[in-house]
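Taken straight from Swiss-Prot:
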type    : residues                                                       : note
BINDING : Gly169, Asp170, Arg171, Gln172, Thr173, Gly174, Lys175, Thr176 : ATP binding site
SITE    : Ser370                                                         : site 'Required for activity'
Amino acid sequence: MDIQAAEISAILKQQIKDFGAEAQVSEIGQVLSVGDGIARVYGLDNVEAGEMVEFPGGVRGMALNLEEDNVGVVIFGSDRNIKEGDTVKRTGAIVDIPVGKGLLGRVVDPLGNPLDGKGPIEGVERRRVDVKAPGIIPRKSVHEPMQTGLKAIDALIPIGRGQRELIIGDRQTGKTAIAIDAILNQKPLNQGDDENQKLYCIYVAIGQKRSTVAQIAKTLEENGALEYTIIVAATASDPAPLQFLAPFAGCTLGEYFRDNAMHGLVVYDDLSKQAVAYRQMSLLLRRPPGREAYPGDVFYLHSRLLERAAKLNDENGNGSLTALPIIETQANDVSAYIPTNVISITDGQIFLETDLFYQGVRPAVNVGLSVSRVGSSAQIKAMKQVAGKIKGELAQYREMAAFAQFGSDLDAATQRLLNRGARLTELLKQGQFSPLKVEEQVVVIYAGVNGYLDKLPVADVGRYEQDLLRNIRSSHPGILDAIRSEKQISADTEAKLKSAVENFSKAFA
C-alpha cells in the first residue's frame, strides 16, 4: 500500500478548513447554600433579574436577588436533590410561557406544563410572564358590558370589558361562585359566530386545594364552559415561587387575547395567597419586612399585575382584558394591608358579607359598600332604564330599615318603601350556576321597580320571577328579542312589556 502525500495533505487541509469552533459556552455558578426553596449561588456574574437558571436534574429557578457576591434564586420545584457545590447554568431567557388558543380547555401550571393528562399543548407561541402594562395612549375608556348573569351585579355594580373589579369577603361567602358564574355566563357569546363578542376566560387558582381545582374544572366541563377557559393552577402543595408566578402567567395568557383584537377575562383566586407566597420568598431572600411583615414592594406586586388589564383603542385592535381579583378578608376587616392596597388599585369592589350569606341573601353582596367606578357606561341602555330606580330604592330601604327597628308606628309612605325594599332584596337573590341573560334580567327588574311585587308575600317573589320568565319566553318572545337587539326599552316595547307583566300578575296566584 503506497502512501500518497498529496492526497493526505489535501484531506488534512480539508479537515482543518471544516473545523468548527462552535463550542456551547454557558455561564455557570455554584450553589453556596440551599433550603426552603431558596438557593444562594456564586459565580453567575452576568445573570439578569428574573432570568431562568437551571439546576442539575432539570429543576429550574428564577434569579431574584442580584447581590455583590452571590445571587438569590427561587426554585420552581423541589429543592431536595439540590446540594451545596452543585453547578447552576444560565439559560439566557427571562421566564416565559406558551400562549395561544391551543391552551383553551386545558389545565396548566404557571410555567405552561399541562396538568390534565391530555397530552402536549399544540399551536402556541411563547411570551414573557412579566411585561410592562400598556401606557395611557393605547387605552380607551371602558364602555362594553361584561355580563356576569347575576342580577345583583349586572344591575347595581356593572362590570365593563377592560375593568378590574375586586371580589372581596371572608372565607365561605361565595367569592369563587360569583367568578365561576361570570365564566359560565359567557357560554352563549362563545357559541356564537361574532369574534368581537366572544370572551375567553382564564381561571387562576393560587394556593388552593387540588380537590377544589378539580371540582371547578369538572363544573366548567359539565356546563360546557371549559372549551373557552384556561385553568392555571398553583396549588397549596406547590412551592411559593409557583404560587407567586401563577397570576402573572394567567395575565400573560389573557394578554394574548387582548393584543390580538379579542377579549379576555382573568380571575385571580386569590391574591391574598399570592401576597403570602411573595412574603415568604422575600423574607427567605432576606429582604427587609414592612407592615404585617410583607415586603415594601407588595403594593407594586399587585399594581403591576392589575394594570395589565385594559381596554385598548381602535388603532390597537380594540381588544380588552378584564380582571376579577379575589381577596379573602379576616372577620370583615377591609382595612388590613392587602385589602386596602387592592381596593385602591381596582376600579371598584363587590363586597360579600357572612351575615347576608347566612340570612339566605345569595349572592351575599352588600350593595351599600360595593361600587363600580366605571358605572352605567358598562351597561346596555335597557338595563340603565330599569336599574336607575332600583339603586335609589334600595339605598332608601337600607336607611329606613335601620330606623324602623326602633319605632312600630310608621307612616304609610315609609311602610310602602320598606315593603318594596324587602321584595327587591328578595328579587336580587339567585341560585348558583344559574346565570340569567341580560334581557331576562331587565324584564324581572322592570316588574320589581314598577310595583308588581308589592302585593305579593315575600316568600312568593322567587316563584313569581320564574313563572314570569317562563311566561315571557313562551308567550312573548318578541319582547326579549327586541330588548336584545335594540339594547334599550323603546316606547313600543315598554307598552308590550307592561301589558304582558300586568296580565301575568293578575293571573299569578
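Here the Cβ of each residue, glycine as well, is placed from N, Cα and C on the backbone.
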Problem set entry | Rounded Cα-Cα span from Ser370 (site 'Required for activity') to Arg171 (ATP binding site), Å | 17
Seminar exercise, completed: So Arg171 (ATP binding site), by the Cβ count within 10 Å over all chains shown, scores 10
Exercise. When you average the Cβ positions of Gly169, Asp170, Arg171, Gln172, Thr173, Gly174, Lys175, Thr176 for the ATP site, which other residues in that chain have a Cβ within 8 Å of that mean position?
Worked result: Glu328, Leu352, Thr354, Phe357, Ala364
Exercise. Over all shown protein chains, what is the count of other CB atoms within 10 A of the CB belonging to Lys175 (ATP binding site)?
Worked result: 26
For this session: Under 8 Å Cβ to Cβ from Gln172 (ATP binding site), same chain, six or more residues apart: give me those in sequence order, or none if nothing qualifies.
Result: Thr354, Phe357
Exercise. When a 10 Å sphere is centred on the Cβ of Ser370 (site 'Required for activity'), how many other Cβ atoms does it contain?
Worked result: 21
Problem set entry | Mapped DSSP class for Ser370 (site 'Required for activity'), helix or strand or coil | coil
For this session: Please name the residue among the binding-site residues Thr173, Thr176 whose C-beta has the most neighbouring C-beta atoms within 10 angstroms.
Result: Thr173
Exercise. Looking at the binding-site residues Gly169, Gly174, which sits with the largest number of other Cβ atoms within 10 Å of its Cβ?
Worked result: Gly169
Seminar exercise, completed: For Asp170 (ATP binding site) and Ser370 (site 'Required for activity'), the CA-to-CA distance in whole Å is 15
Exercise. Given Gly169 (ATP binding site) and Ser370 (site 'Required for activity'), what distance in Å do their CA atoms have, once rounded to a whole number?
Worked result: 11
